[in-house]
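> Among the features that TrEMBL reports, active site, phosphoserine intermediate is placed at Ser65. Annotated Mg(2+) binding site per TrEMBL: Ser65, Asp257, Asp259, Asp261, in sequence order. Residues annotated as substrate binding site in TrEMBL: Glu351, Ala352, Asn353, Arg479, Pro480, Ser481, Gly482, Thr483, Arg488. Residues annotated as domain 'Alpha-D-phosphohexomutase alpha/beta/alpha' in TrEMBL: 52-92. Annotation comment: TrEMBL describes 163-264, 278-417 as domain 'Phosphoacetylglucosamine mutase AMG1'. The domain 'Alpha-D-phosphohexomutase C-terminal' annotation in TrEMBL covers 436-507.
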Amino acid sequence: MAQFQEVLKQSALHPKPAGLVLQYGTSGFRTNAKQLDHIMFRMGLLATLRSKKTKATIGVMVTASHNPEEDNGVKLIDPMGEMVTQDWEEHATQLANYMLCNVLGPCFAWLFCFCSFIVGTSSGSLSAFLSFPSILLDYGLVTTPQLHYMVCCQNTQGKYGEATVEGYYTKFCQAFIQLTKNVRSRSHLCLDGANGIGALKVREMESHLKKELQISLNNDGSKGRLNHQCGADYVKVQQKPPTGIKINPGERCCSFDGDADRIVYYYTDSEGTFHLLDGDKMATLISTFLKELLTQAGLDLKIAVVQTAYANGSSTHYLENTMKVLVRCTKTGVKHLHHVAQEFDVGVYFEANGHGTVLFSKAAEEKIQQLAEDTNVNDKRKKAALLLRNTINVINQTVGDAISDMLLIEAILAIKGMTIQQWDTIYTDLPNRQLKVKVADRRVIDTTDAERRAVTPAGLQEAIDNLVKKYRQARSFVRPSGTEDVVRVYAEADTQESADALAHEVSLAVYRLAGGVGDEPKPLH
């Protein structure tokens, strides 16, 4: 009882703001930093419980991600570097919003069992919440994917790599150098670091690359605000380069988000038109490269690309009909894509926002390793197997990682001798439009088929189907927001005018059938 009183006493030093209710989602807790002190303390309690439950080291990451710099957040990382399981997301939400004595209950004694944590931050600082028997490794300033990597290394006793920042640089940079060692000509890359931790870590990493990749680093954190008019989210949403960066026609550019778990590529053409290469384009490039290598190696491994409903229809058509690659669609959210990707020998997944990675099954890695070491195979198969082995080593399989994804994409472009313009022309995106409709209660919308069809309210899906029939190469879907009473509308068609018109008409159907509030959606043109 005395121990419980001590926990309550410590908790009182980090009071929960009255009326504040937060929900743990894919990115953990995320809101204005001034409202997060109690969350930092309580996530220390949850990390203790999770470590005890899994009998493993748990990661605690403090990051604002792609949000404005006045925001912050915190999330837990599970033993293999993956996101915490969905049932524990609910535990986190309850612990954040209710009285500790009501939530902890029979789990209370676990707080005083010996546990293990590693902590990292890309923005702000941690409350001193880990006041329980534990091993605590504080890595200080790291990217979110770096901490995911460290957790996996710790729990595999170093089999995945050395659990240090230096070990991270060594593993991925050496793999990149090996992967590109026979490439002659290289061009430089213009990188927007979003004034975040990714920029600092790329600067640290450059010496490990031994000038094998020339990077021009902008928004490096020396001036400017985190994610302000820069970064992957800004570039994707605004469909233009970061403010203040002058890029030459055809110059290859990419942007990280604030904590370096997202990346998008882009360039401007000779007429000054902006071209974005998002997660769909990256997934297509990577899966095409891997399938070609698997074919050359003579390995019968099942490769698939995992997408969400937001993936552009042209990318799906190209993968299925031109490359003959299996495509699976799942619910929005990286945790859902990661889970489905684990079902295949090789699973490539990216959300359109640029968050993604590649997963190899243990059996696939073993077959590739055996072939790479086999002295009796012909040179073509051997070369392909060696390229596959180095490709595996340049990928951070624990989570989407902007640095790792950048190295992989740069290696593929160099090996194939491909310019960013040539990559962009693999397929042409269908014009699309995303809109939001405010509703009284988002829960009236229920979906199925990986969020591509609405089950309720009655008549909505029939209305959408009839509207889609009016346009060429068209599709549309609606899904409720996970955080606010808003319904998100997506539409695509053969022209931008048609996509805009379809999105507007579907928005009207949502407004009228799903309890819209405020003024009716107005036409875009």
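Backbone N, Cα and C atoms are what each Cβ position is placed from, and that goes for glycine too.
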> DSSP helix, strand and coil counts for the domain 'Alpha-D-phosphohexomutase alpha/beta/alpha' (52-92)?
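Helix, strand, coil within the domain 'Alpha-D-phosphohexomutase alpha/beta/alpha' (52-92): 10 helix, 13 strand, 18 coil.
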> For the domain 'Alpha-D-phosphohexomutase C-terminal' (436-507), DSSP counts of helix, strand and coil?
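Going through the domain 'Alpha-D-phosphohexomutase C-terminal' (436-507) residue by residue, I get 24 helix, 24 strand, 24 coil.
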> Compared by Cα position, which of the binding-site residues Asp257, Asp259, Asp261 is the closest one to Glu351 (substrate binding site)?
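Among Asp257, Asp259, Asp261, Asp261.
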> Which of the listed binding-site residues (Asp257, Asp259, Asp261, Glu351) has the least company, meaning the fewest other Cβ atoms within 10 Å of its Cβ?
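If we count Cβ atoms within 10 Å for the binding-site residues Asp257, Asp259, Asp261, Glu351, the smallest count is at Glu351.
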> Near the Cβ of Asn353 (substrate binding site), how many other Cβ atoms are there if near means within 10 Å?
20
> Calculate the per-residue pLDDT averaged over the domain 'Phosphoacetylglucosamine mutase AMG1' (163-264) and state the result as an integer.
93
> Taking the Cα atoms as reference points, how far is Asp261 (Mg(2+) binding site) from Asn353 (substrate binding site) in Å?
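For Asp261 (Mg(2+) binding site) versus Asn353 (substrate binding site), the Cα atoms are 10 Å apart.
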> Test of understanding: give the count of other CB atoms lying within 10 angstroms of the CB of Arg488 (substrate binding site).
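A count of 20.
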> Identify, in sequence order, the residues in the chain of Gly482 (substrate binding site) that are 6 or more apart from it along the sequence and have a CB within less than 8 Å of its CB; answer 'none' if there are none.
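In sequence order, Gln23, Gly25 meet the Cβ cut-off.
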> If one measures from the C-alpha of Asp257 (Mg(2+) binding site) to the C-alpha of Arg488 (substrate binding site), what distance in angstrom results, rounded to a whole number?
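Cα to Cα, Asp257 (Mg(2+) binding site) and Arg488 (substrate binding site) are separated by 23 Å.
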> I want to check the contact list for Pro480 (substrate binding site): same chain, sequence separation of six or more, C-beta distance under 8 angstroms. What comes out?
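Residues satisfying the criterion: Arg442, Arg443, Ile445, Thr447, Val486, Val487, Arg488.
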